[in-house]
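Engineer: For reference, TrEMBL lists these features for the protein:
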type     : residues : note
DOMAIN   : 87-513   : domain 'Major facilitator superfamily (MFS) profile'
TRANSMEM : 139-159  : transmembrane segment
TRANSMEM : 166-186  : transmembrane segment
TRANSMEM : 192-212  : transmembrane segment
TRANSMEM : 224-246  : transmembrane segment
TRANSMEM : 252-271  : transmembrane segment
TRANSMEM : 343-361  : transmembrane segment
TRANSMEM : 373-393  : transmembrane segment
TRANSMEM : 405-424  : transmembrane segment
């Protein structure tokens with residue numbers, strides 16, 4: 001007897017599953033509020049060099065003081081990172097004649113003055129992470145995703161070794177601790193370290209929530225479960241826009257997005273451990289208790305007497321047919337057999353492309369002609385219809401085709417905005433929003449698809465490995481913005497190329513539509 005048959009007997013999608021999914025969606029809402037927090041935490045407002053001895057120009061207006069102290073760009077705006085070594089008083093007579101002698105222009109010597117009309121403070125204004133230090137500002141997001149990358153490896157192994165629920169609880173507790181320490185940071189180094197550790201902790205939440213819910217649901221409702229869980233990521237996206245709009249000071253913004261983890265910790269009390277994992281690891285009594293509770297909540301009390309016999313049969317199947325005595329599994333097991341090796345290599349490439357393009361678009365809120373808060377909100381809203389469309393497509397067209405084309409179209413939309421001229425802001429915004437929809441569709445599908453590709457005995461290891469590769473993409477995505485110093489369009493061209501290439505790799509993966517979740521490696525091979 002397969003576990004799927006047992007699940008159908010006790011109710012594969014009843015009140016029990018709905019309660020679990022609702023509770024697991026609470027931490028899911030919280031994830032994008034941290035993963036995309038860099039947009040607001042490290043936002044760089046307009047700024048210019050601080051001008052010394054301004055009291056000497058009491059008869060001049062602020063605009064005139066800037067005119068004689070700060071060089072201008074060709075478009076007439078004041079430069080952010082340079083100043084005149086001496087006041088250029090002749091510019092008061094004719095401001096259009098900018099000095100041609102570059103020797104009188106120097107980098108900022110006395111710090112910067114920031115426009116605080118939009119942000120009370122960000123880490124950029126706190127530690128002057130602008131101009132020559134701009135790389136450190138972008139690196140803050142990279143440090144966070146490096147932490148997420150490390151956490152994917154750690155929690156992928158630990159959740160297969162010690163259980164889904166225990167590791168989810170640990171990751172939530174650590175998220176609260178390190179999130180609050182980040183808010184209390186007194187130096188850039190402290191912030192970098194605590195944000196990295198926050199990334200490690202949140203990686204466990206990201207990695208465990210979907211498989212834990214999926215392992216309690218039958219085949220027919222598996223896709224619906226993946227889409228519904230994913231919708232709450234979009235809800236978190238929209239909530240981030242609202243929270244960031246209301247909280248303009250970076251310390252309190254970190255507190256505001258970390259606090260909801262406490263509610264998730266409390267609610268996790270009502271979530272049971274995965275019965276699949278318990279049976280596969282010989283913990284039959286605990287699995288029996290949870291399955292009995294599932295049957296009762298789903299109105300199948302008549303199965304209570306037959307449950308021990310069913311459990312014994314299931315234990316024989318999982319422990320002896322699929323898991324040979326004394327055999328253990330690790331990340332190396334993902335590459336030992338031919339078919340599993342191909343799945344691991346191809347799914348890793350797809351995950352990298354999905355994350356790289358998604359975060360490349362999500363962290364460029366000001367590049368499409370919209371207000372950054374409005375961009376964040378619209379990007380969150382467009383994800384919901386994208387998920388609804390994917391729900392239909394993955395069940396009609398299949399997982400493989402949906403995954404491949406969603407990622408390829410993401411890349412083509414990013415590439416289109418390289419060609420569309422900057423003055424066409426409305427058209428650029430529409431194309432960007434379409435690209436964001438395709439990007440989210442690709443992300444939604446890859447979570448569902450990957451959880452169906454790997455067998456139960458290796459599912460969390462597989463999710464851990466692919467999440468590790470994805471977070472490498474997420475860590476590199478913000479650094480690619482620095483390539484605009486080489487060529488202004490190079491970041492977009494890079495995102496486009498990677499998305500199209502990785503999307504094409506998805507065609508090499510097997511289709512999983514209406515296929516039972518594999519329990520052991522033999523099912524895959």
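Cβ from N, Cα, C; glycine included.
Bear in mind that TrEMBL entries carry predicted annotations, made automatically and left uncurated.
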Engineer: Test of understanding: applying the rule of at least three C-beta pairs under 8 Å (pairs 6 or more apart in sequence), is the transmembrane segment (405-424) touching the transmembrane segment (343-361)?
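Structural biologist: They are in contact.
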Engineer: Near the transmembrane segment (373-393), which residues from the same chain, at least 6 beyond its ends, have a CB less than 8 A from one of its CBs?
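Structural biologist: For the transmembrane segment (373-393), the list is 32, 36, 39, 223-224, 227, 230-231, 233-238, 240-242, 244-245, 361-362, 365-366, 401-402, 406, 433-434, 436-438, 440-441, 444-445.
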Engineer: Sequence gap of 6 or more, Cβ distance under 8 Å, 3 or more pairs: do the transmembrane segment (192-212) and the transmembrane segment (139-159) meet that?
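Structural biologist: By the criterion, they touch.
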Engineer: Count the Cβ pairs between the transmembrane segment (252-271) and the transmembrane segment (166-186) that lie under 8 angstroms and are 6 or more residues apart in sequence, then report whether there are at least 3.
Structural biologist: yes
Engineer: For the transmembrane segment (224-246), could you work out the same-chain residues 6 or more beyond its ends whose Cβ comes under 8 Å from its Cβ atoms?
Structural biologist: 13, 17, 21, 24-26, 28-33, 36-37, 39-40, 209-210, 213-214, 217, 253, 256-257, 373-374, 376-377, 379-381, 383-384, 387-388, 390-391, 440, 443-444, 447-448, 451
Engineer: Please report, as numbers and ranges, the same-chain residues at least 6 past the borders of the transmembrane segment (166-186) whose CB is under 8 Å from any CB of it.
Structural biologist: 27, 34, 151, 155, 158-159, 194-195, 197-198, 200-205, 208-209, 212, 251-252, 254-255, 257-258, 261-262, 264-265, 268, 271, 273
Engineer: Could you pull the average pLDDT for the domain 'Major facilitator superfamily (MFS) profile' (87-513)?
Structural biologist: 86
